[in-house]
Every structure is written in C-alpha cells, then in structure tokens.
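Peer 1: The structure's right below; bear with me while I get my questions together.
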Amino acid sequence: MKAIYLDHAATTPIHPEVLQVMVETMEENFGNPSSVHSFGRKARQILDRARITAAKSINASEKDIIFTSGGTEADNLAIIGVAEANKNMGKHIITTKIEHHATLHAARFLEKQGYEVTYLDVLENGTIDMEQLKKSLSEETILVSVMMVNNETGVIQPVQEIGELLKEHQAYFHTDAVQAYGLLPIDVTALGVDLLTVSSHKINGPKGSGFLYVHPDTKIFAQQYGGEQERKRRPGTENVAGVAGFQKAIEISVKEREERVNKYQKYRTLFLEKLKQSAVDFSINGNESERVPNVVNISFPGANVEQLLTNFDLSGIAASSGSACTAGSVEPSHVLAAMFSENSPCTTNSIRFSFGLANNEENVIEAAEKVGQIVGRLTK
Amino acid sequence: MKKPEDTRVVVGMSGGVDSSVTALLLKEQGYDVVGIFMKNWDDTDETGFCTATEDFDDVVRVCNQLDIPYYAVNFEKQYWDKVFTYFLDEYKAGRTPNPDVMCNKEIKFKAFLEHALSLGADYVATGHYAQIRRDGDRVEMLRGVDENKDQTYFLNQLSEDVLRKVMFPLGHLPKSEVRRIAKEHDLATATKKDSTGICFIGERNFKEFLSEYLPAQPGKMMTLNGEVKGEHDGLMYYTIGQRQGLGIGGSGGPWFVVGKDLERNILYVGEEYENEALYSDGLTAVDINWINETPAEPFHCTAKFRYRQTDTGVTVYPNPDGTAKVVFDDSERAITPGQAVVFYQEEVCLGGGTIDEVIKNDQALDYVG
C-alpha cells in the first residue's frame, strides 16, 4: 500500500532540484560565510544570492531579509523583538485567536512580561473582525500581528486592508505569511507590512530554513546573542546548505506559482466532488471565496478526529487536524473554536486535507474514495 | 483462524515496560501490531510538565524501535465521567473505591476496545498479568503465572464476550522475565520504574489530592465503646484496618481503624492488629459480574478481598439481581466496603463484585461503612 500524502500544509516533499543544490552545496562549499578567506567568501556568495532571490520574491530590498531557522523563529523574533525594542511607545499588542502557536505563545510570553495583548475574534467564515481591530487600536498599540492565510482553514485574512488602516498609526504590522507564500502574490510595499514571515519547508524547500522580512525603519531587538551574522539581528553560523535549498525552492515557486495554483485548485475540486459522490455527510469550514487553493478543512458530523485520522493513516491516507497535539492526542482546534465556539462539534470532527507536489489526479480520487468509505463506516 | 500477519492487534501502551514487551512479543509472533496510548487524565502543571507527555514519548520511542505505527486517543471525558466521578462518590459515601477495576471496565475494555475495533482490530492486547484460555467458543480468564503480579483482581468485571477480543501476552511470564526481555531487546522502557498507586494521583500525596476535590470534615475519633481518642481529619482519608496516621499517643495500642459512622462523622478505632471488631464472617456483594455462566445455586470457591491477598475459601449464595451473600470458611480481617471481592475456581477467575456490607453473626456490621 502506497500512502497518499494530503498534508502539504504541515510540510511538503522536497523538490528534486532543491535536493540537488543542497547536496552540491554541502559537497563543494563547506566554508563559514564569516571567514576572511576564499572558502568563506564562496559560502557568503550563496547567502548573498539567496538574499536577493528572497527579497525580490516579495518586492523588498535584500538588506531587509533575515534568514532564520524557520517560521517559528521568524515569528518569535518579529513579535518579541519589536515589542522589546518599542516598549517606550506603548505596551499593547494586537493579534488574533487563530494565529499559529509560534505567534500565540510568543504573545503569551509577552503578557507575562507585562505587555497587554488583544486577541481578535474571527467571524464564522474564519476571517478576522476588522471593526474589532479598529476599536482595539490605541495610542499604546505598538504591534499588530495578523497571519496572511490561516494554516488550518486556508482562509485569507484582509492583510492589505490592515496595512492601509495602520499607515497613519505608530504600530508596526507583522504578518505570518507561511501558508500564503508561493500561492498568493506578495508585495510588502503594496500590503503595507513591516515584518513578514516565510518558511522554506512549506514550499518544497528544506526544514530548518526561513526568513523574516523587516522594513528598514523597524526597530527590532535580536533574540539571540553571538556573532555579527545577519547584521547582528540573528547571530549564529548560517545554515548555508539550507539557505541554498531555500533559494532554489523560492525560484521554482515563483516560476511555477500560477501553474501550481491551478493544479491544486483542480485537486481540491476533484476531491470534494468525489467525496460528495460517496454520500457521506460533510461541510466545509471557512470562507469558500477568500482562501488559498490547496487547503480544505472539512467537518464530518458524527465522527471524531482521532478515530478519523488513525483510520485514515492505517488505510494509507495522511491528513491532519491542523491543530496541536498533547501527549499525542488531538486537542480541539483553537482556530475552529474561535470560528464556531468552544463547544462546537466542528472543533473535534474536522480534518484538514492539503494538496501539493505529492499529488496527482489519480491519488486524489483514490484518497477521496477511501475517505468516503471510512467516514461512511464510522458514522453509520 | 486468520494468520498472524492478517490479524490486527491494537496494544494499549502506557509507556511502561509491561505494555512495551506486550507489543514486542506480538510483533515477534508476526501480528499486525498497532500501538495506542490512552490519555485519560491531564496533570499539566504550571511549568507545562505533564506525565502523559513523558509517557507518550516513551510509547513513541518503543514503537519506533519495533517499527509499528502508534497513535493516541483521548478519553479524559469518559474517564472523568465513568471513573473519577465514581471514585469521588464512593469516598463521599465513606467507602474505599477501586478505580483500577472501574478503569478496566469502562475505559480499557470498553471505550478503548470500541476505538480499537473501529480501527479494524481483531484483538486488543494489554500488559496485564492474566491469562486467557480459549476452548472452542468458551473463553476463560486465568490468573497470571507470576503469583505476585497476578492482575485478575482488577479485571474481574470483564465479560466473556469482551475477553474473546482480548490478548494478555504477558500472562504466562514472570515479571522478571518481562524485564529481561525488555533489556535483551534494549527497549527504551527497559529500566523504567513501574508506576505505583492510582494513575491520576501518581506520586503525589493522596490526602492532599483528595482534599482538592472533596471538602474534608474533621471529627471525633473514638472506640466502639464511645471513648474519645482524638480527632480525625475527614473520614475519607481512612480505610478499614489502617494503622498509619492515627496519631493516638499514650499507653496501649497500636491502634487501627475499625469502622466509620458517616452520619455522625465518627472514626472508630480499636487496639491491636487482631482486634475482634476487625473480623467478620461474611459479606454482601453488589454489581457482580460472572465472566462465564451465572451460577443459580450456592457453591464453594475461593475469593480475594483485596489485591495480592492469598485467596481463602468461601461459599457464595448468588441472588438473581446480581448481588450475592458470601460466607467465609474462616473469619476474615478488615473487609472493606467499596473494594472488590473476586472469585476463583482453582486458576480460573469466575468474576467478582463490589463489597457492600460486612456480616458478622448474620448481622451487617453497622460500624463498617
């Protein structure tokens, strides 16, 4: 039995060209980019090139890119780094109830440090409440952090609108674009964001690599102490092979973005059509018009997440609930709880399917049929 | 009979050495083994530490060593409703509950079994020290070979139908052999120490734990003759036959708990281990489960009134309503309401029930629970 991967929002298979670049880099280019000799310079060139590629992909300047170990580190650096550097301007932060834990737990940490954090509600369709955001802004607000696309539902948040709103406000604007990057066009100037998080392994690059875009006027404190790397904003010897692979993944994702969007949209539609034919009861969570094409979050009334996911896996279907696990058991989704309420059955009967490079029409159809059979058996 | 490779066995894995070796043995026998961790209780503290997380991590490591899939399932709600609520209610009623018996009945061999069956399991297996004898359609539960570890006492509420779908691969092994197998295979849990006490209390102070959930009402401690010997901290903290923690000084003693009066909130104490008040000659049991056929006539067998006790001869007078009167061959000490009475015919466990009343000279002892 060959397992079918429908969990590309968790991580993605590495692109063969990315792998090749990484292997070459590790074989031929082991130098430390900070070294003052030819080995070091050769490695430094890789970083410089990657930085330009990363910057161009979001219409930024290369000096605005800080390479990190991934999305979590970039979110932490953005949120805690900005909060600490700007506390003389106020100690209020606004984020949302549906952020990734990398953001939420950074915000909780700041609360313990004496900051005040507002967690915005979302509407039932999964988008944040702009009116509540407007009301929550005060003279004390120094940072607003709203994700570009939610990782559990795929729903797009009104980032540009928030950018507009904050133009005349002192608050910095951070967006976690991990689930958007590679699928939505991103232009940091047009969006009006000051900080933006991207992760490599969500776009067929290696794990352990990511970047944070930081607008040059942004005051931010490093969260690590060490050498001069990343202009002291992120010390530590760079993950050169990881960055090289990341660069290749960015190049491919820029070149193939439209093609991928169309392909994933087709898979999603096909999957849902087949699921409808299986006559099981289901509903889609989140706004169907403002969303990325590769994610669908489905509620199966009468089923429960653990039973579904375990059965799927034993039948060779890899999906997820999108939310955190404690001691391996799935906790009710905080995102769906924010959309529907704590006690909604949706929080414990919903599965996220996400499409990508590991899919083709055949395996998407096969997966939908298996999912239909399993759900039918468990809910009859 | 299906071949082992076509037979799916879901193993309840706790992160301990027993369930680790259970999975190992089944895997070696060629079964399609799936490991599942049950999360029944959340004990996350302020620092974010949670025993379940540590235990699950051990399950993961062992399953990866064995190359079997592993999952977790959350039964916190069921555990709270069916086991913990019962546990508190029994203490409120002045009795000494046995949550392990209830956990086996309601969680491990009900909720978990159902979950496993929904995953296409042919059997569930656990690391309990008990044996199953299958003879055609008849399935019996036998004591574990390791007398000191035999756990049939806690499994007395299982039915034959449930046992049909159960495997206890450790039942024929002594504990030392289980440890040896774990070490031989270098299992991640080979030297992990056995858990002790009630799972949700763990290593914590029992009294402190209970006081978080039940209000303690201190009261008088007296002899059956009405002589006041001191104060007790709350009846729920004491069990019949207990010697520790009474704090009675002066001459005489040692002192033991011999009874409780819930209405008047009095703890009865008596001197000497062999205090006559601690002895009885029978009991009534309720909620009896007979694993195989339900007896209609009185019969003689052996019984245990607490875990790890040597069983003694009794005559059982079964009633049609699932209760029974049990008369002891010889008088017994410190029979405790709320605990299980479990019946055996030689090696076969017949079933058991909950001790309700304690009888002496054909009268229920009113000072016991």
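Counting begins at 1 with the first residue displayed.
Each Cβ is built from the backbone N, Cα and C atoms, and glycine gets one as well.
All annotation found in TrEMBL is predicted automatically rather than curated by experts.
Look at TrEMBL and you will find B:Cys103 tagged as active site, nucleophile. Residues annotated as active site, cysteine persulfide intermediate in TrEMBL: B:Cys199. Annotation comment: TrEMBL describes B:Gly12, B:Met13, B:Ser14, B:Gly15, B:Gly16, B:Val17, B:Asp18, B:Ser19, B:Met38, B:Gly127 as ATP binding site. Feature annotation from TrEMBL assigns domain 'tRNA-specific 2-thiouridylase MnmA-like central' to B:207-271. Feature annotation from TrEMBL assigns domain 'tRNA-specific 2-thiouridylase MnmA-like C-terminal' to B:280-355. The site 'Interaction with tRNA' annotation in TrEMBL covers B:His128, B:Gln339.
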Peer 1: Could you state the CA-to-CA distance between B:Met38 (ATP binding site) and B:Cys103 (active site, nucleophile) to the nearest Å?
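Peer 2: B:Met38 (ATP binding site) to B:Cys103 (active site, nucleophile), Cα-Cα distance: 12 Å.
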Peer 1: Compare the C-alpha of B:Gly12 (ATP binding site) with the C-alpha of each of the recorded positions B:Cys103, B:His128, B:Cys199, B:Gln339, and give the closest one.
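Peer 2: Result: the closest of the recorded positions to B:Gly12 (ATP binding site) is B:His128.
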Peer 1: Out of B:Asp18, B:Cys103, B:His128, B:Gln339, which of these recorded positions is nearest the residue listed as 'active site, cysteine persulfide intermediate' by C-alpha distance?
Peer 2: B:Cys103
Peer 1: Find the shortest Cα-Cα separation between B:Ser14 (ATP binding site) and the recorded positions B:Cys103, B:His128, B:Gln339, and name the residue that gives it.
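Peer 2: Of the recorded positions B:Cys103, B:His128, B:Gln339, B:His128 has its Cα closest to that of B:Ser14 (ATP binding site).
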Peer 1: List the helix, strand and coil residue totals of the domain 'tRNA-specific 2-thiouridylase MnmA-like central' (B:207-271) as derived from DSSP.
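Peer 2: Taking the domain 'tRNA-specific 2-thiouridylase MnmA-like central' (B:207-271) as a whole: 10 helix, 22 strand, 33 coil.
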Peer 1: Mean pLDDT, the domain 'tRNA-specific 2-thiouridylase MnmA-like C-terminal' (B:280-355)?
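Peer 2: Result for the domain 'tRNA-specific 2-thiouridylase MnmA-like C-terminal' (B:280-355): average pLDDT 97.
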Peer 1: Taking DSSP three-state, what's B:Cys103 (active site, nucleophile) in: helix, strand or coil?
Peer 2: helix
Peer 1: Name the one residue among B:Gly16, B:Asp18, B:Cys103 whose Cα is closest in three-dimensional space to that of B:His128 (site 'Interaction with tRNA'); these are the recorded positions.
Peer 2: B:Asp18
Peer 1: Rounding to the nearest whole angstrom, report the longest C-alpha distance spanning B:Gly12, B:Met13, B:Ser14, B:Gly15, B:Gly16, B:Val17, B:Asp18, B:Ser19, B:Met38, B:Gly127, listed for ATP.
Peer 2: 16
Peer 1: Between B:Asp18 (ATP binding site) and B:Cys103 (active site, nucleophile), how far is it from one CA atom to the other, in Å?
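Peer 2: Between the alpha carbons of B:Asp18 (ATP binding site) and B:Cys103 (active site, nucleophile) there are 17 Å.
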